[in-house]
Amino acid sequence: MTQRTITLIAGPTVSGKSALALQMAQKKNALIINTDSMQVYDVLNILTARPTEADTAIVPHYLYGYVSPALHYSVGQWLCDVRKLLTTFTSKSLIFVGGTGLYFRALLEGLSEIPHISDAVRQKWRLRLDKEGAENLYRQLLRIDAVFAEKISSQDGQRIIRALEVYDVTGKKLSWWQKKKTPPLISPNCSEKILLIPPRQWLYERIHKRLDNMIERGALEEVFAMKKLMLSPFLPAMKAIGMPEFTAYFDGYKSFEDALEMAKTQTRRYAKRQMTWFRNQFDEEWTLISSCEEV
C-alpha cells in the first residue's frame, strides 16, 4: 500500500504554484486543497484565477469557489473545512496550494480560539480606520496591547483594527488570545514544504499578461455581477485582484485604461508583500525554488 503524503506549496500570485500542484498531484495520485483566501469565493472565478474545468477534470480540487462573497470567511472556518477533508480522506495523499501565508501557518501551528467578531463590529472599526487613519488607531492600540502593537507596523491598518476589534468584543488583548492555540492539523515534520518564488521581473511580466488575459476571458463581467449584489466594500471578496479598480471604472471614477494599469500596479505590490511575508515567516524547513522545473 502506498504511504500517504502531504505536500504544501506556497508562493505569490501568478508564480506557477497551481500548475506545480497539478503536476505533482498527477504523480502522487493526490487531491488538491485550496490554501488561498480569495479562491474560496463563488462568482470570482476569473479574477481569483481558480482552477479551470480542465484542471479539475484531471485532479479533484477542494475548497474552491464554494463560499458566498457576501460572507466574511475566516481562517478558522477554513481550518474547520480542512479538518472535515482530513477526516473524509484518511489515506489519500494531499497537496495544499495557495498564496495565503496565514492559512499555512494556522495549518502547521494551530490557531488562536478568538470568538467570532460580528460584521457590525468589523464595519465600525473599518470606518474608524478610514476616518482617523492607521497612525491614530495604532497609538490607541499601543495603550491597549503594546505587546502586539510592537510586532506590527504603525501603517498596517488591517492588523491594527483586527487587534482593536478583538479587544472591543472580548475585553482581552489579541496577544493574550494568541497564546491560546488549537493543536495543528498537520505536523510540521510530516509534510513536504515547497516555497515557489520566481525572479521578480519574470513575475511582474506574468502579472501584466494574466490581467490582460483576465479581461479577455470576462473579468469585467464578474466585477459587474459582484456590483449587482450590492455588497459592503469591507468584505474580503470585494478586495480581490481588480475588484476595487474595475469597480471604480464602472462607477465612472476611472477610465478603463487607468483601472487596468492600477490593477497591475496593485497586484505587483501584493505579490511583493507576499514574497516578503513568506521569506520572513517561513523557516529553513521550506524548500525554496524559483521555478517548477526545480521539483
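Using the three backbone atoms N, Cα and C, a Cβ is placed for every residue, glycine included.
The Cβ neighbour count for G16 (ATP binding site), using a 10 Å radius and every protein chain shown, is 18. Residues or ranges marked as ATP binding site in Swiss-Prot (evidence: sequence analysis): G11, P12, T13, V14, S15, G16, K17, S18.
Under the DSSP three-state reduction, K17 (ATP binding site) is assigned to helix. Of all Cβ atoms in the shown protein chains, 24 besides its own fall within 10 Å of the Cβ of K17 (ATP binding site). Annotated substrate binding site per Swiss-Prot: T13, V14, S15, G16, K17, S18, in sequence order.
Note on the region 'Interaction with substrate tRNA' (36-39): residues 48-50, 64-65, 73, 75, 78, 97-100, 102-103, 236-237, 240-241 of its chain, located 6 or more positions outside it, place their CB under 8 angstroms from a CB of the stretch. Feature annotation from Swiss-Prot assigns region 'Interaction with substrate tRNA' to 36-39 (among others); the stated evidence is sequence analysis.
For the region 'Interaction with substrate tRNA' (158-162), the mean pLDDT of the prediction comes to 92. The region 'Interaction with substrate tRNA' annotation in Swiss-Prot covers 158-162 (among others).
Proximity of T100 (site 'Interaction with substrate tRNA') to non-local residues of its own chain (separation of 6 or more, Cβ distance below 8 Å) is seen for T35, D36, S37, M38, V75, given in sequence order. Annotation comment: Swiss-Prot describes T100 (among others) as site 'Interaction with substrate tRNA'.
Swiss-Prot lists R122 (among others) with the feature site 'Interaction with substrate tRNA', giving sequence analysis as the kind of evidence. Just so you know, the Cβ of R122 (site 'Interaction with substrate tRNA') picks up 18 other Cβ atoms within 10 Å once every protein chain is counted.
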Inter-residue Cα distance where the pair is T13 (ATP binding site) and R122 (site 'Interaction with substrate tRNA'), in Å: 27
CB neighbours of V14 (ATP binding site) within 10 A? 24
T100 (site 'Interaction with substrate tRNA') falls, by DSSP collapsed to helix, strand or coil, into coil
When neighbour density is defined as the number of other C-beta atoms within 10 angstroms of a residue's C-beta, which of the binding-site residues S15, S18 has the lowest density? S18
